[in-house]
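Novice: The transmembrane segment feature in TrEMBL is assigned to A:259-283, A:311-336, A:356-379, A:433-454, A:656-681, A:706-726, A:746-770. Summarising the annotation, TrEMBL assigns domain 'ABC3 transporter permease C-terminal' to A:270-389, A:660-778.
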Amino acid sequence: MRKLAMLSFANIRKTKGHTVSLLLMFLIAGLLLNAGSLVFVNFGSFFEKVTKELKTTDVYYIMPSHLYNGEVDKYIRNNKNVSNMQKEEVIWAQASIPYNDDTREISFILNDADKERDFSKWKFVGEHLPPDSMSIYVPYLLNIDGGYKLNDKVKMKFDDAALTFTIKGFTEDAFFSSLDTINLGTYLPHETYEKVVQKLGDKYSATLIFADLDKVNNEVETGIRELVQPDQKATLSMVEDTRTLSSSDIELLRTSRTFMSSMASVMAMAFAFIIAIVCLIVVRFRIGNSIEEDMSKIGSLRAIGYTSRQIILSIVMQYMLIALVGSIAGISLSYLTTPILSDIFAHQSGLMWVQGFDGAISSIILSAILFVVIIVSFISSGRIRKLNPIVALRGGITTHNFRKNYLPLHKSIGSLPVVLGFKSMLQSRKHSFMIGVILAAVSFASTFGAVMFYNTVIDTQAFAKTPGIELSNAVAILNSDAEQPKLVDNIKNMKNVRKVQYIDESKVKIENYDVTAYVMEDFSTKETNTVFKGRYPLHSNEVVLAGILADKMDKKIGDRVMIKVGAKQAEYMITGLSQGANMGGMNASIRWDGILKVNPDFKQQSLQIYLNKNSKADEFVNKLESDYGDSIVTSVDMDKIMDDGMGMYISIVSKLGMGMMVITIVVVILVLYFVIISSVIRKKRELGIQKAIGFTTFQLMNQLSLGFLPPIIIGVLFGSAVGITLTNPLMSVAMRAMGIMKAQFVIATSWISLFGVALVVVSYCTSMLITYRIRKISAYALVSE
Amino acid sequence: MSQVMIATDKLSKSFSSGGVQQHVLKNLDLEILSGDFTVIMGSSGAGKSTLMYALSGMDKPTLGSITYFDQEIAKLSNDKLAVFRRLNCGFVFQQMFLLDNMSILDNILAAGLLVSNDRKAITARAKELLAQVGLTELIWSKFPTQLSGGEAQRAAIVRALINQPKVVFADEPTGALNSASGKAVLDVLTDLNSRGQSIIMVTHDLKSARRGNRILYMRDGVIHGICNLGKYVSGDRERHGKLQAFLTEMGW
């Protein structure tokens, strides 16, 4: 064993450059695989741990206190599906707060921090300070994303009042800690809570119910809704509806709070997998080359009594050691990245994920890498068994077996280095193929990264359309008693208004599923097309279902479904399938004359306003409020909502995309270094002869680099083409859980081409730099050695 | 009257091995005339090959100068030396050093196309030279490993001649060949010289040395003696005796 280790170390010492580059590749693979696995396995389970620790219930319901009457209370308590419940009085209000040099409108739940809770508890994250007057504990999100620190003042502006609190601690709970989950929970010491109640009065008093359900579904919610709005439900707009009853279950929450981390970890792992395969191809290549280079040495070892098994084992040990050191370094480094990843994901999840050393995951990753390296090196070095010692001592007789003279010089056109480069490429088809495959794999990954980067940094339209929300610039919720046609006309004639149209939302029941239906008079004027199969409804008896909903119902285009609102119901034909993450994908689209069949009192209220290019939505909304404030319930700056909402996703995905592109370039440089250095060593004699007959170093550098260029170009072209073709289908699969059935990211071929060209240029320049060592090969050494 | 082709002035070459300086060439002053068939002889380690590779620009001297016609080459950069070699020198090595991954014709064209872009003309010249050295069309497309030693060496001679060099350097060209092949190679070189081609050859072999008209005998890094044999004539017994006497005098 000691002898074998000596042989392995001697080989490692002899090929320091190769060892370092291979080590770096294993480091990258180990880092990405471990970091990806930690996030994939532990971030989700961390959320589970938090929910368990805080005894989080299956669902919560919140509604204004005046709606929570004895009948509702009795309904919930006696409901067979409800196994546990806890009721609490809270303050539930929309308020704006300064947020990261900006202002954000957030739905807040202000809880009494001193009230004991049996379920759905909350906890402090990090240090907290003793309370004084007007103290508040806010979600950790406000620290990591909102820019607040302990003892900072936070001013909450309600409709008719403003309160300033001092932040004394940051909190974490399962339901109310992320901007993605509708309501944000804050906790006030009892004294402060009482003061706030006194100041705000009953207007924002609400009842918060936490419940455990035997079967998690929205049956209880539907029951409560029917009790709290028996007569109003037909006329309520969606905005009013969400202020009547808001609810969420833990499953929806889990998806929403861990979606980004899951997607990012899957992307990182897929990328790491590609890098690991590249490492294995390189190991195989290196072993093949080293057998050729060390043929005489192998012969000597055999001659002095080493068995082929011992020589093979020394090679296996050599690569296992490199993989071991590289992977351990990568895995160790990955633990340094988890706090960074935790910070990145916290912007979306609101969770302070603390990842310690995970021996199980890291051991599995390390073992898996070592296992495949051992297998690949064992198989690759197998040909040593067939080597005759005498043949090996003579340097091998079958190392150069040329069968065909590719590109004969007397027939070929082009400059000599180009022709000789191509000739060499055709003679080393295996190597060329390997470079092509590696470049194709990393180009595919980088194309994916480039698409993500383009869609999150350069042109965010497609990314913004992903949730399926209509991309208007502002929304005005009109008073139901306002003189609407005239008001709409007036708004339409305001400065910078390009177009206005109603897009309302209405709660309907489709085949026992509670669904949000988008209602429009004419879907052809919709600017965000979410139908990925079929078409929008053209007639009153047609409906479009979200793909995820149709899957659940096992319905397809052409099938009929019953839609129900209250006691009224009608049959509709499915004309298309739509996508969109909004409402967890549980949505449908129906014409205005269609909804009237089941809800004759339905009134259009939600006016989407589209402004001319470069108009400022915030200025427009202010003008709208000042001109028509009496006739509208509320107005919303959609540009700001989209910017705020998409900001964190854009930040995460763009960083991931950028990371993939950078790692691609690093890997390409490492692989080329590896392959070219091997090639220069292997062709030392050939290069020496060429130098002797008058080739300059630059000509030889060009000749070698040009020989690598065709497989690089073909690999980049192939990888990019596959990336262009598969990015959207792969993203569709990744985002299916959130209701995106057919991703439609912009595939900016010009950008991908540019990156491809950059990759080829970087490769060529790297080749030229690496082959510069040819200057050290002297013609004289050839004859004197 | 022949022109001086190569002249050296205090040419020295030293190697450092394990901290010990080894002076292989010591202050050599030498003139080689154009059109001569110069043979460098000497015992092993005398500095024959070192001298030949220094004269050809394949290696750089440590001190002194080498003038090739009017051009000083000792101080040229490696790339300039490469250009110098391709334009002025042809090489024939003991181990042939043909490129194994190319056909015989390509081996020759790879050198020829370095100097001229006229592919047709170079190809025609290569074929003509191949025919001249007795290599038939059948083997033009073969790889070096598929040829006999004599055939490969003749192909190497063609490669050396393709750019019409002013001088051909031959390092033990028959060292790896059987006597028949060796004779054929020497015949080619002799024929070339008879048509005005300057040749500088290093050899241990008496039969080979006999083909030269000027013999330089080296010992311990200096030219120990020079013997002028005159133009080679086949079957000249007197020439053989003269050479043998010279070598005996030199202590060979």
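Note that Cβ sites are derived from N, Cα and C of the backbone, with glycine treated the same way.
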Novice: Over the domain 'ABC3 transporter permease C-terminal' (A:660-778), what is the model's mean pLDDT?
Specialist: 89
Novice: Test the contact criterion for the transmembrane segment (A:433-454) and the transmembrane segment (A:311-336): 3 or more CB pairs under 8 Å, pairs 6 or more apart in sequence, then answer yes or no.
Specialist: no
Novice: Considering pairs 6 or more residues apart, do the transmembrane segment (A:656-681) and the transmembrane segment (A:311-336) have at least three CB pairs under 8 Å?
Specialist: no
Novice: Are there residues at least six beyond either end of the transmembrane segment (A:356-379) with Cβ under 8 Å to its Cβ atoms? List them, or say none.
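Specialist: Sequence-remote neighbours of the transmembrane segment (A:356-379) are 26, 29-30, 33-34, 37-38, 41-42, 276, 279-280, 283-284, 287, 312, 315-316, 318-320, 323-324, 327-328, 331, 335.
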Novice: With DSSP as the yardstick, break the domain 'ABC3 transporter permease C-terminal' (A:270-389) down into helix, strand and coil residue counts.
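Specialist: Counting residues per DSSP class in the domain 'ABC3 transporter permease C-terminal' (A:270-389), I get 104 helix, 0 strand, 16 coil.
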Novice: When DSSP states are grouped into helix, strand and coil, how many residues of the domain 'ABC3 transporter permease C-terminal' (A:660-778) land in each?
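Specialist: Summed by class, the stretch gives 102 helix, 0 strand, 17 coil.
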